[in-house]
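As structure tokens, the structure follows; a few thoughts come after it.
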Amino acid sequence: MNLREVVEGEKQVDHEEFLSELKEKNQELNFMREITQESNTGELNGIPFIAKDAICTEDTTTSAGSQILENYQPVFDATVIERLKESGASFYGKTQQDEFGFGTFSTNCAFGTPKNPHDKERVVGGSSGGAGAVVAAMDKPLISLGESTGGSITNPAAYNGVVGITPTYGRVSRYGLVDYANSLDKIGVLARTVYGTAKGLEIIAGEDENDQTTSSKEVPNYSENLDETEGRVAVPKQYLELDGVEEGVMENFQDSIDELKQRGFEVEEVDMPLLSADIAVPAYYVLAMSEASTNLAKMSGMRYGMEKDPEDFEDFNEYFSEVRSEGFGEEAKRRILLGTYTRQAGYRDQYYIKAAKVRTKIINQYKEVFEEFDAVISPSMPNIAPKIEEAEDMSPSEIYAMDTLTVGPNLAGMPMISVPNGKSEGMPTGLHIVGDHFNEQKILDIAYTYTGGDSQ
Amino acid sequence: MSEEETDVMIGLETHIQLDTETKLFCGCPNEEAEEPNTHVCPTCLGHPGSKPRLNKKVLEHAVKTSQALQCDVNEEVFFSRKTYFYPDLSKDYQITQYEVPVAEDGEVEIKVGDEKKDIGITRLHIEEDPAKTRHKGGDIGNSDYTLVDYNRSGTPLLEIVTEPDFTSPKEARAYLQQLAQMLEYLEIYYPESNFALKSDANISIDGGQRVEVKNITGTAGIEKALSYEISRQKQLKKRGREVSQQTRSYNQNQEITEKLREKETEEDYGYIFDPDLTTQELDEEFREKLRAEIPELPHEKFKRFKEEYGLKDKLVEALVSVPEMADDFERLAEEFDTNLAASWMVGELKKVLNYNEVSYDEVNVESGAPDFLYVGLRVVLSHLEAGEFNQRKAEKYLRDFVEQGLDPEKEFSIDDPKADNIDLGLNLKDYKKSGDDEITEFVKEAIDENPDAVEDYNSGDEEAVNFLVGQVMSISQGKADPKTAREKILEELE
Ligand SMILES: [Zn+2]
């Protein structure tokens, strides 16, 4: 049974069965932060949906993977949650994630590390790891909401062998998203099929008066417009020359290129110097950490989340320090410190302002390429999901380097989709298709064509 | 030695709380609430996932004020985050403008006594007010605990920063008074409202270290705070001690400044662009529309009144100080002697208003008729000019009129202010001088009823006339003019 069959009314979801399978799989893989059941009726006919823990859900725990927000229950639903509920989708809970989205493997979760459904010894990817794993683990139609700042939807989609779409920045409201880096955060959809991501996206996308950065551009009916297509795709030379891309991943990517050519696409190499590892990645981290350090300031034990007995402290500075020292994980502290440094007077121009300029240049470089091409393609991740202990042994700089393929399009706010393109060592790999701003339909069509249309 | 002889440099950063319907970044009502923490929502409480959305009205106020201060308005403005930890700050960062404020490089002319002076405006920007803290059992240093009320969190503020152009507390006060008056003309600020005007001042003497005095409320406070601070610094110098770079606060109760912290380095707020708020375009069309809405400003009105009506400076100043009063004056000046109208408005009416502790605008609003005072003044002035009111009665009429207010049941309109039938709830007859014929009647009555007094007069007792005058006054219930009465009595007795 796939999602289209449920939407079109041919089949129905058995909610009891879904819930028991969800609980059972979660026992084994720990991808859920909290399981709940809330039924709705409407166009989506009770299709189950699940959300990353950073997306606010009224009265259901929203901790963003952090101890400092353990047991925090928001007083409102995020706009995306509200829209899915109104469409008739049924809410089943929240998924594990790296604390505040800080991570590549979902090994920085305050509430346990989720395991990959393809191999329990391996990671699910990050930071929307739980959101990817639940789709792979459940043999049922499901819309899973993820969030990407630098690649957090693409990454778990590839590691779990599912489809994940990250929309254009401003296409989907961020109202109710526990912020990581507001100028980069995008809520997107993970599902088993291209159709599933298209359906989910068309429901959550569109202008929202509660988020000024949302676009007023009309939202196409992505799922109904899905069409076999052809055109021209570009492969950045910098990605082909990238260090550390595993052989199996590169082979699958070459196969994908052949497959696309067979289906009528022209594939060409292009030069995109700003996507090289030493430019895009530092610019991304400077901006993301600068914004994150201001967002996390509000986590001080004053109004919600972790609290202490004020009697035990000399003054509010001491109180805030204690709550933050205990509540934040190691990676969060690292990013707060670095982010505070990069926006400090004296360093600001050198780091924060410079990174913002690099970002503008990267956008311009993409724009030039999109004058000639319909999409830019690459492997989704340079490797297959590593083993959990391998991931935990990596240094922060090794981990940051793994984001090279995804941070470029994320910095530019471009829409992108990751689709499974085979396996390596028994683990799934992904093909990354990046499109021009607000051109989600095009990348969905290419992904649809690549995966064989309606057969998926 | 007077203050002006010392090399004093003062710059002001003034925050004006704007009386908008909703807060700066959310839909909460921007007004006092009976209970703490009632006018709040996820956004002004800084809940995770909440987002600010700009109240565009504030942008209009800011641009109008900038234009009135002759600033250059920037075409594209955006907001920044100023990060610092303090319990009253809901997000632990404040949304403000840093790189590009609404406007820069303005100028305003102030008048202190007969002297005029130009004060440079460095910048004008928009920011949000934090919440209110209440320290229980003391001040922040020694209280038992602190309560936070977020009703104020997110109230819109305009911050106006001047160049260090003031050389005396008097100048600073004059500037604030004139600024407040200008804002009132722009319908942005109302002195009667609960919305405050607060300043931080930077003061240095003889090119010494700069001391910042924070949180000075109002226009009277600024003169006291600055005078204290200047004499404190002078005393230190006199005794050969150094004035250190400090941040101080103004203690309004004791009228002194107190040290908050020694300022070795500038605080580092780590400003970044606020990525939740989009860039705002203040294009030519928008600016033009607002420029057209700017009324004649107080200093312009002052100049015109002087030229057009030839009144004394003091009278014009007083008239111009209340925009509504200035407008009413102009209407009255079309019908009546300008000096008479002005002196009644600035003199007698002001006395009555002060006595009742109400303002010109308030009386009009409370009466339910926007022209209430204008009509009352027309009645007074027309009867005075016609010689039908004497000074004392006219004053009484004005007082009764203001204090009694309007009867809401009655129609409120007049075409002819002198018509006896206009009904403002007061009986005009009670205030008018009595007519000659009427007095003759009273005189006859007094003479008829007091034959003894007539006899006394005839026997040479001239004092008896005074008694008869008293009787006329009593019969007429005080309406008769005593001088006329005496003349008539003498005529009758001859
Ligand atoms: Zn609010």
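Cβ from N, Cα, C; glycine included.
Remember, TrEMBL labels are computer predictions, not curated facts.
Looking just at the domain 'Amidase' (A:35-444), the mean pLDDT is 96. The domain 'Amidase' annotation in TrEMBL covers A:35-444.
Long-range Cβ neighbours of A:Lys52 (active site, charge relay system) (same chain, at least 6 residues apart, Cβ-Cβ under 8 Å): A:Lys94, A:Thr95, A:Gln97, A:Ser128, A:Gly130, A:Ala131, A:Leu145, A:Gly146, A:Glu147. Under the three-state DSSP scheme, A:Lys52 (active site, charge relay system) falls in the strand class. Positions annotated as active site, charge relay system by TrEMBL: A:Lys52 (among others).
According to TrEMBL, the feature active site, charge relay system maps to A:Ser127 (among others). Its Cβ placed at the centre, A:Ser127 (active site, charge relay system) has 35 other Cβ atoms within 10 Å. Secondary structure from DSSP puts A:Ser127 (active site, charge relay system) in coil.
Taken from TrEMBL, the feature active site, acyl-ester intermediate applies to A:Ser152. Note: A:Ser152 (active site, acyl-ester intermediate) has non-local neighbours A:Asp98, A:Gly101, A:Gly126, A:Ser127, A:Ser128, A:Gly146, i.e. same-chain residues 6+ apart with C-beta under 8 A of its own C-beta.
The feature region 'Disordered' is assigned by TrEMBL to A:207-230. With a cut-off of 8 Å between Cβ atoms, the residues of this chain six or more beyond the region 'Disordered' (A:207-230) that come close are 4, 7, 79, 168-175, 182, 194-195, 198-199, 201, 263-265, 438, 440-442, 444-446, 448-449, 453.
The compositional bias 'Polar residues' annotation in TrEMBL covers A:212-224.
Residue counts for the region 'Disordered' (A:207-230) under DSSP (helix as H, G, I; strand as E, B; rest coil) come to 4 helix, 2 strand, 18 coil.
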